[in-house]
Ligand code: GRF
């Protein structure tokens with residue numbers, strides 16, 4: 001059985017969706033860089049081991065990342081899921097977990113990497129928006145996309161309503177992709193990412209118009 005660690009910094013609604021999905025893998029631990037993150041309470045309520053590793057207590061990013069790396073090794077983790085984890089990871093850490101670490105980003109990547117995606121979508125006047133689950137690579141929000149949730153931007157949408165609507169999609173596609181990795185539907189190989197045994201060319205799209 002695949003052992004999963006979820007890295008969080010905040011509310012952890014995506015963590016909750018992963019817990020509620022009863023994955024065929026085991027969520028073996030949750031790491032937060034912030035002791036006050038509500039996600040920690042969600043994990044404890046579900047009986048999942050937690051670790052608080054505060055970035056502020058380390059003199060440099062590499063030391064903080066190394067502490068997380070050691071915790072992941074101690075839990076014998078196979079898959080790292082970033083769920084609202086608000087720290088940039090060092091290249092060394094990303095390399096160590098390459099092909100074993102996924103993230104969810106609130107935009108239709110490659111559009112709108114980085115922050116404030118909902119407002120940027122509104123500013124541009126895009127008709128479609130959504131979220132993307134992708135493998136994590138050294139370049140921010142640039143690893144291979146595995147799945148996208150797509151929605152239509154309404155005339156009355158503001159950044160808050162878009163955030164809420166995108167969250168609904170996140171809670172559907174993130175557990176789905178996690179399960180695909182747990183049960184071997186998605187595999188990261190030397191040849192590339194396989195989906196149902198075939199090279200994956202494009203992310204699987206889920207629509208909620
Ligand atoms: C989500 O919007 C996700 O796209 C981004 O961080 C947020 C996490 O929300 N990476 P939550 O803590 O899971 O509620």
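Even glycines carry a Cβ here, placed using N, Cα and C.
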(6R)-10-formyltetrahydrofolate binding, same site as 86, 87, 88, 89, 103 - TrEMBL member from 42, 61: 61
Which same-chain residues, if any, lie at least 6 apart from residue 105 (active site, proton donor) yet have Cβ under 8 Å of it: 113, 117, 131, 132, 134, 141
Spatial neighbours of residue 87 ((6R)-10-formyltetrahydrofolate binding site) that are distant in sequence (at least 6 apart) but have CB under 8 A: 9, 33, 55, 61, 64
Of the binding-site residues listed as 86, 88, 89, 103, the one whose CA lies nearest the CA of residue 14 (N(1)-(5-phospho-beta-D-ribosyl)glycinamide binding site): 103
